[in-house]
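Notes follow the structure.
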Amino acid sequence: MFHLRTCAAKLRPLTASQTVKTFSQNRPAAARTFQQIRCYSAPVAAEPFLSGTSSNYVEEMYCAWLENPKSVHKSWDIFFRNTNAGAPPGTAYQSPLPLSRGSLAAVAHAQSLVEAQPNVDKLVEDHLAVQSLIRAYQIRGHHVAQLDPLGILDADLDSSVPADIISSTDKLGFYGLDESDLDKVFHLPTTTFIGGQESALPLREIIRRLEMAYCQHIGVEFMFINDLEQCQWIRQKFETPGIMQFTNEEKRTLLARLVRSTRFEEFLQRKWSSEKRFGLEGCEVLIPALKTIIDKSSENGVDYVIMGMPHRGRLNVLANVIRKELEQIFCQFDSKLEAADEGSGDVKYHLGMYHRRINRVTDRNITLSLVANPSHLEAADPVVMGKTKAEQFYCGDTEGKKVMSILLHGDAAFAGQGIVYETFHLSDLPSYTTHGTVHVVVNNQIGFTTDPRMARSSPYPTDVARVVNAPIFHVNSDDPEAVMYVCKVAAEWRSTFHKDVVVDLVCYRRNGHNEMDEPMFTQPLMYKQIRKQKPVLQKYAELLVSQGVVNQPEYEEEISKYDKICEEAFARSKDEKILHIKHWLDSPWPGFFTLDGQPRSMSCPSTGLTEDILTHIGNVASSVPVENFTIHGGLSRILKTRGEMVKNRTVDWALAEYMAFGSLLKEGIHIRLSGQDVERGTFSHRHHVLHDQNVDKRTCIPMNHLWPNQAPYTVCNSSLSEYGVLGFELGFAMASPNALVLWEAQFGDFHNTAQCIIDQFICPGQAKWVRQNGIVLLLPHGMEGMGPEHSSARPERFLQMCNDDPDVLPDLKEANFDINQLYDCNWVVVNCSTPGNFFHVLRRQILLPFRKPLIIFTPKSLLRHPEARSSFDEMLPGTHFQRVIPEDGPAAQNPENVKRLLFCTGKVYYDLTRERKARDMVGQVAITRIEQLSPFPFDLLLKEVQKYPSAELAWCQEEHKNQGYYDYVKPRLRTTISRAKPVWYAGRDPAAAPATGNKKTHLTELQRLLDTAFDLDIFKNFS
């Protein structure tokens, strides 16, 4: 860590030509012009002080002189008057030379202005020293701010920065100043606001004001921001004398909020002392901090705030910020109550909430949503961002003025979790920005038992925010008024600039990680200090009593009033008989379900379309709907091929997707497709965004030109992130059931970078939080000799997490069996072998009366496979998604002659049919495709097995035996046939890697599995 004083040597003050655009201290911008000063435009070698940073300072002086010549030193007045009179470079502070031959009058005039030979160099150096001093405070002052309420550590972990960085003579000497200069008056640059209405101050007062602005209980990190207007805005907020003032009414409100925050935790501790609740003790100021951000944002027009936070203090936020009924919170502590809703539920400090109420400060309606989250710290960050983006989209809030997000973090997780970085880098991307998030870090200076010095390599836990130029406000949480001021500024920053901002609440944790944990094992000295520490409520109450803002009886009455509220709610909680998880829903869908949360029907209409619609979409997909738009020659051939397919009434994979999307847009369903390179498609098959070859950045999205009143289509290339982007899209899909939200992995192999979102949100989300989600994952999958990282979407992992029982045969005679299966499952897993079926499953996702995540293993080689085509006939009215595609060749005509029935899924079907034809076994081997793997199509497969009574059964897959679908399909297929026959395996041997990287080995393995599949004697020895 550099010392504050050493940084000044590297400073380069901002030039006046830059500052003219922004804040000046009550100086008219119109007067600030530099056209007449010759030292600004002429070569500067002749003026020894007009070089480097000196020239910048001279411009500052010139600005001041233009407004008021008496505001600068007399020597400067002479210099500028001489220069304006036309003195050549190098002579403005001496007797001026003749301007031209014969111009004696001009010479006489210029010479009369020179009254003295000032020591200009010394004067400039002194003023530059003061300017460097001011800038040093602005850059490094936060390092010596009094941030730690315990007084143990500097919040930035750097104990080597001396607290008396300026006041001693040797420190002043670094700047070329000494104690004799302390009472000298110096003109202030336009890059500071410490002067208020004054343009010059004594050095002693300059230092005092800088200390007050930057070295007390607030530390401001902002000088890395590369926007001058934003820097000036922040300087004005923190440097202006007396700006941090609160009315008595505001102080009383702050005290009341602290009472609620503190007494809530104390009440829980009294009633349930042995329960984990991850209390807020040590950072009780978080509650008034959040309420201040919400109040200020509401005042600025925000009417919907979406929040995400970890477990620490969550119950307090639910109770005192979102205003969840206290009895509902207290019920969660009753171990005797049973859950009324299906699913596992979740612990109380993970639950979300949605509530609409009146903001009492602004008297405006505001909706607050706290997103449910797992214990995986920071995982909810992109989810909150995605939900915020969706809510902004649906209400037409293109600038983020109505809907905003607040994210809470712990210090250790904020520094340690990579998803924080991924989320920050979404913050300013056009298709992902939420126009500014307020981040609040509960910096209790410990991560469970880990010291901050072992938890991060950076000075602050917030340093990650610097990558997006977000200002960072560090504040001592034991100074509630400083916290409130910082939160007001943060809300104003977001409202003004629509960019991220970070509030770092430097606090402590009074108890262990949870209430049952003993922190003295690992932090004995820290906790000895904490035991002595007065609670912030007591400190602030004593301060207000001493100021006469409140008296002791009023304070005690506030406490007793809230205690009574808690006791009454506790009594009501005893009347509750069951726990309702649905009371904790964070994203309700009004009107989609019945009042009791059930689907309005248990059926799905046909997903087919009329030929007119198919043809119209196909024609648009094969053309450029914009005039004077030049596309690439290769793309012209692709569009021509599409047009020929439409004429022939067939579709390939890309065209089937186009038709599914286009038809849903016609029905008012917004579609959002996101992922790496999805606009073109990793395999150059999609081309949903056309690029003009002659005009840079000119693009066209034909999908948005289909129908007059269609829903908008959003297709957006994402950043190179899986975890963050999938979380974002999951959050987007939470907001409304009437949108098809898809995330496509570049290759299915890369989805495991987002495994946390899949495991903690998508798979169990409904079971834990009674929250449905219709997100679609497109995962390119197929063994094609491309190596172990470009072959497998790991279907075995998705199938292993399906919630059906492989050993129980459901009631196949149940009405709407297939729809009931879908309703009961936790997600749907499909592997389509035809474009038509892909078309149907996308449309079914929206036409179902409920929402489930959809996992689709999409093809790669089939995108251009000549046999992977579907006729319009497969997509017309009356057609549906086929869960199973049965054999329809000669084997199906004479089923009694079939020796083997092969079950498979996906691309391997085309390898099998080719091999079967080559071996002339089309009548002996039947091939049935399972298109929907989960929920398992027991009913249809039973019919297939019964159709071929003499056939032995085998499962064929191109994946290795310990991967793919075999371990999922075999027990369910055995259950289907009551274990009457064995189910043999034809496929690759077990392996650690998903695929070989050697092409020859790949082909050898493929031929071996085909030999196994069609050798009718191979399983006889195992019988």
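Every residue gets a Cβ built from N, Cα and C, even glycine.
Because the structure is a prediction, the values reported are computed rather than measured.
Copied from Swiss-Prot, the annotated features are:
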type     : residues                               : note
BINDING  : His143, Asp156, Asp158                 : Ca(2+) binding site
BINDING  : Arg312, Asp411, Asn444, Ile446, Gln676 : thiamine diphosphate binding site
BINDING  : Asp411, Asn444, Ile446                 : Mg(2+) binding site
CROSSLNK : Lys534                                 : ubiquitin cross-link
MOD_RES  : Lys74                                  : N6-succinyllysine
MOD_RES  : Ser100                                 : phosphoserine
MOD_RES  : Lys401                                 : N6-acetyllysine
MOD_RES  : Lys564                                 : N6-succinyllysine
MOD_RES  : Lys970                                 : N6-acetyllysine
TRANSIT  : 1-40                                   : transit peptide
List only the single closest residue to Asp411 (thiamine diphosphate binding site), chosen from the recorded positions Lys401, Lys534, Lys564, Lys970 by CA-CA distance. Lys534
Which of the three DSSP-derived classes (helix, strand, coil) applies to Gln676 (thiamine diphosphate binding site)? coil
Inside 10 Å of the Cβ of Ile446 (thiamine diphosphate binding site), count up the other Cβ atoms and send me the figure. 23
Select one residue from Lys74, Arg312, Lys534, Lys564: among these recorded positions, choose the one with the most other Cβ atoms within 10 Å of its Cβ. Arg312
Can you tell me how far the Cα of Lys401 (N6-acetyllysine) sits from the Cα of Gln676 (thiamine diphosphate binding site), in Å? 29
Under DSSP, is Lys564 (N6-succinyllysine) part of a helix or a strand, or is it coil? helix
If you count Cβ atoms within 10 Å of the Cβ of Lys401 (N6-acetyllysine), leaving out that atom itself, what do you get? 16
Min neighbour Cβ count (10 Å) across recorded positions His143, Lys970 flags Lys970
From recorded positions Lys74, His143, Lys564, Lys970, the one whose Cα lies nearest Gln676 (thiamine diphosphate binding site): Lys970
Alpha-carbon distance [Lys564 (N6-succinyllysine); Arg312 (thiamine diphosphate binding site)] in Å: 25
Cα-to-Cα gap, the residue listed as 'ubiquitin cross-link' vs Ile446 (thiamine diphosphate binding site), nearest whole Å: 19
Densest Cβ neighbourhood among Asn444, Gln676 (binding-site residues), 10 Å radius: Asn444
